[in-house]
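Record features (TrEMBL):
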REGION    1-44  region 'Disordered'
BINDING   Cys33, Cys47, Cys50, Cys56  [4Fe-4S] cluster 1 binding site
BINDING   Gly86, Lys87, Gly88, Gly89, Val90, Gly91, Lys92, Ser93  ATP binding site
BINDING   Cys259, Cys262  [4Fe-4S] cluster 2 binding site
Amino acid sequence: MAPSLEAPDNVQDVLSNPLKAAPNLVAPEPEHCPGPESEAAGKADSCAGCPNQAICASAPKGPDPDIPVITARLAGIKHKVLILSGKGGVGKSTFTTLLAHAFATNEENTVGIMDTDICGPSIPKMMGVESETIHVSGTGWSPVWVMDNLGVMSIQFMLPNKDDAIIWRGPKKNGLIKQFLKDVEWGEMDFLLVDTPPGTSDEHLSVNSFLSESGVDGAVVVTTPQEVALLDVRKEIDFCKKAGIKVLGIVENMSGFVCPNCKHESQIFTATTGGGRALATEMGIPFLGAVPLDPRIGMASDYGESFFDSFPDSPACAALKGVVRRVGEEMGLKADVVLPED
């Protein structure tokens with residue numbers, strides 16, 4: 001292709017004149033899925049073309065008989081929080097580990113992470129327990145304990161090789177999520193954080209239906225500033241509204257880059273439509289805060305270390321503490337219960 005002879009736009013002019021408004025969807029919204037328990041499952045007009053249509057049509061109808069068992073198993077967990085995004089690569093799993101470490105800094109708290117990203121489990125690596133395996137006893141599966149008050153459950157612990165691919169269809173993934181809730185001996189816990197994969201499909205529907213009776217405190221939605229990420233986050237928030245899940249708020253991750261040496265901040269992902277703060281205002285939900293991009297967060301995750309312990313004086317750590325306290329406020333918790341005072 002011949003090179004363009006037009007003079008390129010000045011970079012600063014482009015960055016200082018973002019889109020005036022978020023793009024509007026022109027296509028009508030599809031009808032909501034009737035749900036696998038519905039008598040219309042697999043038969044409704046909205047089921048046409050769905051890859052699970054035959055499964056839903058032939059599946060037993062009515063409430064899942066395992067839900068009361070799950071409810072009894074999780075009776076000792078005080079608070080359950082979903083970590084959602086809708087978009088991959090925004091740092092959702094990283095934020096889950098940071099939130100867990102933050103809660104666990106209070107020695108009075110017992111925290112658990114349930115990794116429901118079946119095809120891409122990354123929580124064990126970030127928590128430094130990638131090589132561990134699950135212990136099975138008469139009371140069920142035991143979580144892998146990172147610290148005395150921080151446990152993890154993930155499919156990664158079941159793989160013979162850490163590089164093995166999980167090539168499963170929806171029903172098998174849903175079955176494992178049910179086992180994580182029904183068969184794992186979570187015990188008495190203050191917080192259970194559920195890390196979910198991108199999207200609004202099988203895993204999300206399963207978690208919501210299995211926790212329908214035991215209850216979910218709400219969801220924390222993670223995004224990055226640019227409109228490409230916000231497009232999917234809007235869908236995730238819409239999913240929460242349809243599923244009856246309270247949105248605790250939005251966290252804007254990778255919100256600028258803070259140089260570890262000079263502390264100067266640069267906008268790597270420019271918020272062309274206002275970023276997470278504008279989206280929170282638009283959707284009428286709380287904005288929990290912005291966390292700058294710090295390369296040491298990635299380094300801490302690679303080594304399975306706590307960013308809070310390794311770099312307590314960093315700007316990103318200060319921002320994260322503010323986000324964690326806002327999450328606690330939205331859950332109605334006292335500040336000293338969520339995070340000890342500095």
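Every residue gets a Cβ built from N, Cα and C, even glycine.
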Report summary line: For Cys56 ([4Fe-4S] cluster 1 binding site), the number of neighbouring Cβ atoms whose distance to its own Cβ is within 10 Å equals 21
Query raised in the report: Non-local Cβ contacts of Cys47 ([4Fe-4S] cluster 1 binding site) (under 8 Å, 6 or more apart, same chain)?
Result: Cys33, Pro34, Ala40, Ala41, Gln53, Cys56, Ala57
Query raised in the report: Which of these binding-site residues has the least crowded Cβ, counting other Cβ atoms within 10 Å: Cys33, Cys50, Val90, Cys259, Cys262?
Result: Cys262
Report task. Compare the C-alpha of Gly89 (ATP binding site) with the C-alpha of each of the binding-site residues Cys50, Cys259, Cys262, and give the closest one. Result -> Cys259
Report summary line: Closest by Cα to Cys259 ([4Fe-4S] cluster 2 binding site), out of the binding-site residues Cys50, Gly86, Gly88, Val90, Lys92, is Val90
**Report entry** Most crowded position, judged by CB atoms within 10 A, among Gly88, Gly91 as binding-site residues
**Finding:** Gly91
Query - Residue with minimal Cβ packing [other Cβ atoms within 10 Å] among the binding-site residues Lys87, Lys92 - result: Lys87
Query raised in the report: If you measure Ser93 (ATP binding site) to Cys50 ([4Fe-4S] cluster 1 binding site) at Cα, how many Å is it?
Result: 29
Query raised in the report: C-alpha of Gly86 (ATP binding site) to C-alpha of Cys50 ([4Fe-4S] cluster 1 binding site): distance in Å?
Result: 20
Query raised in the report: In Å, rounded, how far does the Cα of Gly91 (ATP binding site) sit from the Cα of Cys50 ([4Fe-4S] cluster 1 binding site)?
Result: 30
**Report entry** Val90 (ATP binding site) versus Cys262 ([4Fe-4S] cluster 2 binding site) - Cα distance in angstrom
**Finding:** 25
**Report entry** binding-site residues compared (Gly86, Gly89) - highest count of Cβ atoms within 10 Å
**Finding:** Gly86
Query raised in the report: Just the number: how many Å between the Cα atoms of Val90 (ATP binding site) and Cys50 ([4Fe-4S] cluster 1 binding site)?
Result: 28
